[in-house]
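Visitor: Swiss-Prot lists these features:
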REPEAT    58-88  repeat 'PPR 1'
REPEAT    95-125  repeat 'PPR 2'
REPEAT    126-160  repeat 'PPR 3'
REPEAT    191-224  repeat 'PPR 4'
REPEAT    225-259  repeat 'PPR 5'
REPEAT    301-332  repeat 'PPR 7'
REPEAT    334-367  repeat 'PPR 8'
REPEAT    368-402  repeat 'PPR 9'
REPEAT    403-437  repeat 'PPR 10'
REPEAT    438-464  repeat 'PPR 11'
REPEAT    466-496  repeat 'PPR 12'
REPEAT    502-532  repeat 'PPR 13'
REGION    537-613  region 'Type E motif'
REGION    614-644  region 'Type E(+) motif'
REGION    645-745  region 'Type DYW motif'
Amino acid sequence: MITSLSQISFGTLRRFGSSVLPSALKREFVEGLRTLVRSGDIRRAVSLFYSAPVELQSQQAYAALFQACAEQRNLLDGINLHHHMLSHPYCYSQNVILANFLINMYAKCGNILYARQVFDTMPERNVVSWTALITGYVQAGNEQEGFCLFSSMLSHCFPNEFTLSSVLTSCRYEPGKQVHGLALKLGLHCSIYVANAVISMYGRCHDGAAAYEAWTVFEAIKFKNLVTWNSMIAAFQCCNLGKKAIGVFMRMHSDGVGFDRATLLNICSSLYKSSDLVPNEVSKCCLQLHSLTVKSGLVTQTEVATALIKVYSEMLEDYTDCYKLFMEMSHCRDIVAWNGIITAFAVYDPERAIHLFGQLRQEKLSPDWYTFSSVLKACAGLVTARHALSIHAQVIKGGFLADTVLNNSLIHAYAKCGSLDLCMRVFDDMDSRDVVSWNSMLKAYSLHGQVDSILPVFQKMDINPDSATFIALLSACSHAGRVEEGLRIFRSMFEKPETLPQLNHYACVIDMLSRAERFAEAEEVIKQMPMDPDAVVWIALLGSCRKHGNTRLGKLAADKLKELVEPTNSMSYIQMSNIYNAEGSFNEANLSIKEMETWRVRKEPDLSWTEIGNKVHEFASGGRHRPDKEAVYRELKRLISWLKEMGYVPEMRSASQDIEDEEQEEDNLLHHSEKLALAFAVMEGRKSSDCGVNLIQIMKNTRICIDCHNFMKLASKLLGKEILMRDSNRFHHFKDSSCSCNDYW
């Protein structure tokens, strides 16, 4: 049909009057325009329209083209058609239907001003006119104007199901509840469009009670469509009711209802955002989801696969399946997928994350700011700044040097890698800084124990401090023993409502007071807290009780910790065992360890890392799993022998007291992972050209013990080198028999 239509000689048609043009030909012309539009050739349709006789340029033809422009967001052709129509008044009368098409076209194309002008000049309007403009405001993000227009509409005509569903799309709880009530009054609540919109509206409130109101609406719907199910799952997900969301999904699946990409994305979000799910439930559901995505073919969609990767990595810490899934995506891996897998490994396996970043570059993909941010997080988990320097160069080459977020990430990475000078250089070179920039620099100084530098930086801060700012300041004062300065900063937080102390600030103050052996004041702060102390507070107190041998308060903190984090956390048992050991109560210490074994609680393995010749070497206490174990032991033995001549005496309080053989007890103490790492670095340094390097860097996953701290101080004097150690709390700069922490850590 369209071929014959396009071949019509319009010159021949013009010789006939409009009276002789059959209405069938006019309908055929309109249908021909629609066919061209459906085939994606809107330009040809518009060209054909302009070259047609006036008699064929009917209101139906205009309407068809306005609708096409709306669907394809073609504002330019829409405006030209509107001008053409106004310049041919015999083609256009004040027609409500045609004006509605115009409003819809302008609204869909994002020009809400023109849509409003058409609406305001209409001599009469119907429900479609109001709905089209309301929808336009909502889609443009101007929900307030849309709701005001809806309120005005009620004095002119009744809304229909499409009006209500459009208004509900942007409503908050109170106005949304009123619209829901109106729907019930008008009998429009039975409409699937209205019901779905009501469910979504309640879900957006992020409130459990509202989610159950959505559930009531959901259960009342007799014939649910896929959008209904997805809306209910999304509502529970938004309200952090993951278990409920999964329950809806399971029911949906058992009822034989199909699912789509939106379903799977909402369920994945439910799994890693909700706090009401236990690991076993997450694991079971994740495996089922993975199976369903494979069977349905949706696993080939990048967003779905990336969401699954996030669940595997963040919730299950199952990096094997996470990586396997990523490798199966070889045909559809975009930058979002790469960002997901790099982020997954950034904390768990930083070296793998760096390797993945290298693979991304080999595949000729251009990293975005999120990629660089994730890989810099991985750099922060490595021993040295070597990789951070390389990524920094690529950030500059990629044109991201002015990006504040990336500069903040660079400061964090360099600080964690021990390069405080590079942190300062990045900070000083920044064109603009936000509060995170200042906080990152303050945290860097705090991490390295530079309390004399942190306070001047804080005084120069030209942005209002936030909660994290005071955490950095209080932590620095705590680790440096600057109690009075710390208390002054803490008291200043009460001066403004926006800086009132939160749990973490109280934890810092309690840590600061108890480190200084001011336990009575620490107890008083706990009693005066406006909220219940959390695990962080009791852990801070427990650590200092161990250091100063306060058994009574340590027992209280350990018991509170067990109540809060369940008896499966190793911290309370180990710290109490150490406290009992220190005071010579070995039976009580052993009972604490046996209680830990009864609950099958596993202690975090003691691991250390050092980098030699661009290769990272890992050490576990006792040197297990290393082929060069005997050689490292021999080197360590030599070091210990020399250090004992310098006055080193093993601190037996740091040894495990459940070993009956005293010689074995000392042997166990001397084979802590950081000592092995140092011995290896010394041994390898003699073999390589790096023997003249005056810095040895070691990273440790737990807090350094008293004995190892004493050992490192003397070793720095013996070797004539600086030993830079990062433990779970902070950096220790050992040099000439002293430490930057002044033995206060």
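The backbone N, Cα and C atoms fix where each Cβ goes, glycine too.
So that I understand the layout, could you describe where these features sit and how close they are to other parts?
Guide: When Cβ-Cβ distances below 8 Å are used as the criterion, the repeat 'PPR 1' (58-88) is approached by residues 26-27, 29-30, 33-34, 37, 42-43, 45-46, 49-50, 52, 95, 97-98, 101-102, 104-111, 114 of the same chain, each at least six residues removed from its ends.
Each residue in the repeat 'PPR 2' (95-125) gets a DSSP state, and the totals come to 22 helix, 0 strand, 9 coil.
Mean model confidence for the repeat 'PPR 3' (126-160) is a pLDDT of 93.
Non-local neighbours of the repeat 'PPR 4' (191-224) in the same chain are 161-162, 164-166, 168-169, 171-173, 176, 179-180, 183, 231-232, 234-241, 244, 257; each lies 6+ residues outside the stretch with a CB under 8 Å from one of its CB atoms.
Counting residues of the repeat 'PPR 5' (225-259) by DSSP class, helix then strand then coil, yields 26 helix, 0 strand, 9 coil.
Break the repeat 'PPR 7' (301-332) down by DSSP state and the numbers are 23 helix, 0 strand, 9 coil.
Long-range contacts of the repeat 'PPR 8' (334-367) within the same chain: residues 302-303, 305-306, 309-310, 312-314, 317, 319, 322-323, 326, 374-375, 377-382, 387, 391, 394, 398, 616, each at least 6 residues beyond the stretch ends and with a Cβ under 8 Å from a Cβ of the stretch.
Long-range contacts of the repeat 'PPR 9' (368-402) within its own chain (CB-CB distance under 8 A, at least 6 residues past either end) are made by residues 335, 338-339, 342-343, 345-347, 350-351, 353-354, 357, 360, 409-410, 412-419, 422, 426, 431-432, 609-611, 614, 616, 697-699, 726.
In terms of DSSP helix, strand and coil, the repeat 'PPR 10' (403-437) has 26 helix, 0 strand, 9 coil.
For the repeat 'PPR 11' (438-464), the DSSP-based tally of helix, strand and coil residues reads 20 helix, 0 strand, 7 coil.
Secondary structure of the repeat 'PPR 12' (466-496) per DSSP (helix as H, G, I; strand as E, B; remaining residues coil): 27 helix, 0 strand, 4 coil.
Residues of the same chain lying 6 or more positions beyond the ends of the repeat 'PPR 13' (502-532) and with a Cβ under 8 Å from any Cβ of it are 467, 470-471, 474-475, 477-479, 481, 483, 486-487, 490, 493, 539-541, 543-545, 547-548, 550, 553, 744.
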Visitor: For a three-state summary based on DSSP, what are the helix, strand and coil counts in the repeat 'PPR 3' (126-160)?
Guide: 24 helix, 0 strand, 11 coil
Visitor: What counts of helix, strand and coil residues does DSSP assign across the repeat 'PPR 1' (58-88)?
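Guide: Split by secondary structure, the repeat 'PPR 1' (58-88) comes out as 25 helix, 0 strand, 6 coil.
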Visitor: For the repeat 'PPR 5' (225-259), give me same-chain residues lying six or more residues beyond its boundaries with a C-beta closer than 8 angstroms to one of its C-beta atoms, as numbers and ranges.
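Guide: Hits for the repeat 'PPR 5' (225-259): 192, 195-196, 199-200, 202-208, 210-211, 214-215, 218, 266-267, 269-271, 273-277, 281, 285, 292, 296.
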Visitor: Within the same chain, where does the repeat 'PPR 12' (466-496) have neighbours whose Cβ lies under 8 angstroms from its own Cβ atoms, ignoring anything closer than 6 residues to its ends? I mean 6 or more beyond.
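Guide: Tertiary neighbours of the repeat 'PPR 12' (466-496) are 435-436, 438-439, 442-443, 445-446, 449-451, 454-455, 458, 502, 504-505, 508-509, 511-513, 515-516, 518, 729-730, 741-742, 744-745.
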